[in-house]
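What TrEMBL lists as coiled coil is 58-113. If you look up TrEMBL, you'll see 527-537, 629-645 marked as compositional bias 'Basic residues'. Feature annotation from TrEMBL assigns compositional bias 'Basic and acidic residues' to 539-560. The compositional bias 'Low complexity' annotation in TrEMBL covers 574-608. Residues or ranges marked as domain 'Signal recognition particle SRP72 subunit RNA-binding' in TrEMBL: 507-563. Marked as region 'Disordered' by TrEMBL: 508-645. The annotation repeat 'TPR' is assigned in TrEMBL to 190-223.
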Amino acid sequence: VLQINKDDVTALQCKVVCLIQNGNFKEALAVINTHTKVLTSDVIAFEKAYCEYRLNRIESALKTIQSASQQTDKLKELYGQVLYRLERYDDCLAAYRDLIRNSQDEYEEERKTNLSAVVAAQSTWEKVVPEDLGLREATYELCYNSACALIGQGKLNEAMKKLQKAEELCRQSLSEDSDVTEEDIEAELAIIHGQMAYIMQLQGRTEDALQLYNQIIKLKPTDVGLLAVIANNIITINKDQNVFDSKKKVKLTNAEGVEHKLSKKQLQAIEFNKALLAMYTNQADQCRKLSASLQSQSPEHLLPVLIQAAQLCREKQHAKAIGLLQDFADQHPANAAEIKLTMAQLKIAQGSVTKACMILRSIEELQHKPGMVSALVTMYSHEEDIDSAIEVFTQAIQWYQQYQARTNHGFCVFQPKSPVHLSLIREAANFKLKHGRKKEAISDLEELWKQNPKDVHTLAQLISAYSLVDPEKAKVLSKHLPSSDTMSLKVDVDALENSHGATYVRKKAAKLTGDNQQKEQGQGEVKKKKKKKKGKLPKNYDPKVTPDPERWLPMRERSYYRGRKKGKKKDQVGKGTQGSTTTGSSELDASRTASSPPTSPRPGSGAAVSATSNVIPPRHQKPAGAPATKKKQQQKKKKGAKGGW
């Protein structure tokens, strides 16, 4: 037909539709663009927009739809899809609501599924609380989208139940078709299982999540978007461990067409994790390149700058990292608080606690927060800068006093002090008392007591503080304390006395009381002296012989110690030439003669003992039969050794 008439509108339309059915979207779009005079936007607007949509030219598709003179139902359907891909969820929601309201055909269930997908996306990416659409969750797609919306709200347990229901409905609907195999069912369930694993990961069940993620990867699903998300989540579980596995998983995130399957935030998260992985694998240049690219795409985002600073810290360039963070804080004051907290952490890591305190105090929106006050006071106390710590308390208390007044129709209405304000005053008073600032602590406690005169605890603290400064004032204030009769304590005395701690205290007290009674009874009596036991003496002790005064010293330290004898044959070996013997060597040894005196006198001895005396001192005496026993033991050991080996 086209050979006869190349501008035949019906033939050209048929050709475009055939090319679309075959998936040749580029060729179909080329035909439309070459015959623009004949195929005007009124005639073929839907086909042109659809080809552009399938070729991921989303902006062009939107322009084509909007330029059409007549908005048909087909164009409205496509318009909803285009808006979803552009992440314009509010406009997309309105478009689908209009479609559901004004159309009645067999595609109503699909439109409701798309509507629930938009609500789920709003809840997940924009943190919008979804409204109840009143959709009956009769299909597994609707259940799945409802579960995604619940995940966005943080209702993880409810979301898991919805996913389990979606899995059950999916199995039921697919098992009815005889042509569908078990592998096809598992492939269809992959996205549901992936979301289940994500919930497990959020709940801290990382082992279960990792196992389920790996099962999905083994199935080799055709959805590149699903594979990229699962690979990214596995990388986040691995962190700086199992880096080799993370490197393999990164390849799945680089698959062709992933950028068209995922949202902008998902793609951004994947890029962040790539930069972190490059840092953990010591690929400094790659890390800088990725983080710089991310920063150019999102100049106000914190993570690229934090990654760059972390990389500089790994390279021991802390000063450069702090400078980078300071520049970002100056350029983006809205994010300055989080950046300054990071800077303070780096200063603390360097040991510059005082500089870290200065950075923290420069964060105006956090100065009055109890956590910030606590951190600053702790750090100043560590540096022994008590004045600065008290100043932090004072500034925080003044902030709460300043914002205590509220304007109501032009009048200043003073409201009662908040619990945070009162707790800060109390903590300040305790801190001042601890560090000897009694007068300042007393003024704080008096202010607390004025706020609540019935507070006995504050009154007791005030009396305790005054007792150190002005005892008379403490006595006057003590009159305000309630009497013991008015104090009703609901305490089970029997249960308290029978408790483990009370039993121990009671036993200890009873023991002390018994000791005191014994002391009182024995006050008038003369203390009986304990008889000392006589020391045991050796069996062969001779009272006539003076004991060796060096008997308590080790043998090596005694004055008469000559060293060990090296063997029995010492006496038989001479010191002459080789082979010669000295038979009279023992006779020539003067130390063996009976008349030889000790080489040096024993210190402290009253009188010299005769050298000819054969009496052995008690310390040197050995029990009879000792050498023989030793020999027997040696023989037994030898026998045992032979038998054992």
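Residue 1 is the first one shown; counting continues down the chain.
Each residue, glycine too, has its Cβ placed from N, Cα and C.
Where the annotation comes from TrEMBL, it is an automatic prediction and has not been curated.
The list of residues near the repeat 'TPR' (190-223) in space but at least 6 beyond its ends in sequence, with Cβ under 8 angstroms from a Cβ of it, reads 140, 144, 147-148, 151, 156, 159-160, 163-164, 166-167, 170, 183, 229-231, 233-234, 236-237, 252, 261. DSSP assignment over the repeat 'TPR' (190-223) gives 26 helix, 0 strand, 8 coil.
Secondary structure by DSSP for the compositional bias 'Basic and acidic residues' (539-560): 3 helix, 0 strand, 19 coil.
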